[in-house]
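> One structure, as structure tokens, below. Some questions next.
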């Protein structure tokens with residue numbers, strides 16, 4: 001059988017070791033006689049699974065003690081509403097939220113935030129991130145939102161010392177909120193420089209249906225009165241993500257992914273692999289003009305790589321040939337067209353090499 | 001090894017056939033080379049899984065064509081906010097919502113609804129459901145909310161012809177909203193008599209993290225402006241539950257449960273089994289006063305059976321002996337104490353018989 005490599009942008013490829021273990025434990029977790037899906041979320045078995053997942057994620061990202069890690073439901077999209085609902089109450093109403101607009105996901109965040117606050121687009125970039133010196137920040141804004149990796153557009157912030165490059169030019173009192181859905185755990189980050197980081201799980205963490213929120217403790221407790229209790233960060237934090245029944249099986253799978261990441265050497269090792277995979281792939285696009293990419297080089301995502309055939313009449317033939325070679329889910333997002341290869345942590349370099357071999361073959365090189 | 005029977009109130013026991021199949025398909029669903037967790041929610045493989053699940057649930061509950069079935073995130077608890085946010089807009093603001101208060105879950109719904117509407121408790125019952133003639137309904141209320149099976153308190157509405165008994169005494173124009181989280185799919189219901197039915201999956205449907213909402217089409221499109229888009233029923237319905245990335249793996253497991261239910265004979269067969277299991281279990285409590293139950297007989301839940309030892313100093317010994325016999329998760333909810341046996345669809349009668357044997361043994365009968 002052809003080896004399958006799955007380039008889906010999310011839900012996305014998971015480590016084979018994780019899936020193998022999940023299959024083996026499906027009917028009987030550690031001699032408990034129960035599937036993880038069947039366990040009460042308040043029983044000792046699931047509590048041990050939850051605490052291990054929380055501890056391992058804290059270790060992987062070096063999350064400081066004054067930050068809570070929440071395992072929520074609703075996806076990244078829901079956070080576009082839930083973050084304003086939880087954070088704008090720290091300022092007099094109506095508050096203003098600043099945004100850096102670098103693609104589809106920050107665009108969705110801007111649209112939704114307008115239901116709860118005034119919105120200021122501090123800077124816009126379509127093929128890269130505008131330099132910090134050009135950001136027009138609002139004095140006393142509730143926070144500054146950025147999507148540090150745009151899944152659809154393939155624009156990733158350049159980072160220095162675990163924070164967006166040039167961030168020293170932003171006043172210390174500006175509260176940073178970052179949507180890291182599609183590149184969390186792919187590089188070291190300095191959590192202490194952010195007020196809140198969030199990520200839908202279905203790219204680099206685990207199955208769809210789990211959303212991770214990492215939030216500084218002093219930001220809890222100011223939810224607007226209309227915020228649903230189930231999504232009030234303080235209630236979720238005070239109840240260790242069990243104010244509501246949490247998505248237990250998704251948390252279990254995420255925990256297995258965290259264990260796998262630790263065995264692989266953690267996020268520093270992941271970053272080295274991501275650099276190697278991205279260099280290999282972009283080189284195939286840069287070789288000549290058969291393929292095209294649209295993102296400026298410093299902002300090329302290491303995780304999501306949109307590309308276009310110069311002759312788009314060959315798109316269907318390209319995708320059919322890819323599928324025949326076991327290279328799956330390469331079609332680009334409907335809003336931007338073309339192709340996209342998502343090469344998350346769980347994508348082995350052998351998969352990228354297989355894609356590069358096919359890119360060269362299809363280009364007749 | 002002792003046979004394990006898991007009486008958890010939720011997350012809860014799942015059919016062994018479902019878990020066995022999920023384990024077998026974990027690494028490669030139907031020759032796709034992908035786990036269901038790895039599939040794009042917009043790809044043909046997952047779309048086929050989703051459509052089958054929706055179709056099977058529609059068939060099992062005989063859901064009319066003018067009702068939408070939504071697969072959402074956030075759990076039953078979140079619906080306590082999301083239903084007012086989506087439905088009160090049909091009336092002038094501030095609207096009033098009527099409630100029948102029969103236990104912990106309707107109590108939580110009442111508290112949360114107060115954030116979005118005026119609340120009227122039309123009737124209260126602690127050990128049963130007050131007769132319809134005593135309900136004090138508000139003229140022109142937005143809707144009437146009832147929890148038709150209280151998971152914690154074990155109070156279940158009596159049903160006639162698929163609706164709460166005596167419902168003919170309620171004016172036709174009253175919009176009924178029912179929380180059926182813990183007894184959905186355990187008996188036939190007449191969906192056409194309700195405006196909205198909802199259920200967290202983690203009792204009779206599948207894993208935690210999926211919430212089912214069945215809603216009449218004409219109720220869509222009136223969400224309050226502060227309702228998060230990800231939870232706007234109309235947006236969810238218009239996008240076939242894919243406005244946001246849905247909890248794909250949970251939907252897949254729910255779909256396998258629906259297939260299993262159809263093979264077992266559907267909800268009519270489930271009801272017969274539920275009656276047999278409940279009669280067997282309650283008889284063990286009624287034999288003498290060693291055990292006590294607190295719910296009036298017509299309202300005894302067939303799904304969740306709270307019970308108490310007359311001599312509560314023996315509680316720990318009872319639970320330890322149960323565990324030694326493979327009878328798990330029998331401790332009652334912390335808010336009411338005692339014991340609770342949840343005997344959902346996936347609990348075989350052999351499990352109830354094993355519990356009854358132990359109840360008799362422990363009582364020295």
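Keep in mind that glycine also has a Cβ here, set from the backbone N, Cα and C atoms.
Copying in the features that TrEMBL gives for the protein in this structure:
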- A:4-355: domain 'Aminotransferase class V' (DOMAIN)
- A:42: L-glutamate binding site (BINDING)
- A:105, A:151, A:179, A:202, A:244, A:245: pyridoxal 5'-phosphate binding site (BINDING)
- A:203: N6-(pyridoxal phosphate)lysine (MOD_RES)
> I need the most crowded of these recorded positions: A:42, A:203. Count other C-beta atoms within 10 angstroms of each C-beta and give me the top one.
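In terms of Cβ crowding, the pick is A:203.
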> For chain B, which of the binding-site residues A:179, A:202, A:244 fall under 8 Å by Cβ?
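Contact set vs B: A:202, A:244.
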> Are there any residues in the same chain, six or more apart in sequence, whose C-beta is under 8 angstroms from the C-beta of residue A:105 (pyridoxal 5'-phosphate binding site), and if so which?
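Spatial neighbours, sequence-distant, of residue A:105 (pyridoxal 5'-phosphate binding site): A:76, A:147, A:150, A:151, A:152, A:179, A:181.
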> Give me the non-local Cβ neighbours of residue A:244 (pyridoxal 5'-phosphate binding site): same chain, 6+ apart in sequence, Cβ-Cβ under 8 Å, ordered along the sequence.
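Once residues fewer than 6 apart are set aside, residue A:244 (pyridoxal 5'-phosphate binding site) is near A:73, A:230, A:236.
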> Between residue A:245 (pyridoxal 5'-phosphate binding site) and residue A:42 (L-glutamate binding site), how many Å separate their Cα atoms?
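It is 9 Å, counting Cα to Cα.
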> For residue A:203 (N6-(pyridoxal phosphate)lysine) and the residue listed as 'L-glutamate binding site', what Cα-Cα distance in Å is obtained after rounding to a whole number?
28
> Whole-number Å only: compute the distance from the Cα of residue A:202 (pyridoxal 5'-phosphate binding site) to the Cα of residue A:42 (L-glutamate binding site).
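Per the Cα atoms, residue A:202 (pyridoxal 5'-phosphate binding site) and residue A:42 (L-glutamate binding site) stand 25 Å apart.
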> Mind telling me which of the binding-site residues A:151, A:202, A:245 has the densest Cβ neighbourhood, counting other Cβ atoms within 10 Å?
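Result for the most crowded candidate: A:202.
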> Quick one: largest C-alpha distance among A:105, A:151, A:179, A:202, A:244, A:245, binding pyridoxal 5'-phosphate per the record, in angstrom?
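Value for the max Cα separation, rounded to a whole number: 29 Å.
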> What does DSSP call residue A:105 (pyridoxal 5'-phosphate binding site) in the simple three-state scheme?
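Note: residue A:105 (pyridoxal 5'-phosphate binding site) is helical by DSSP.
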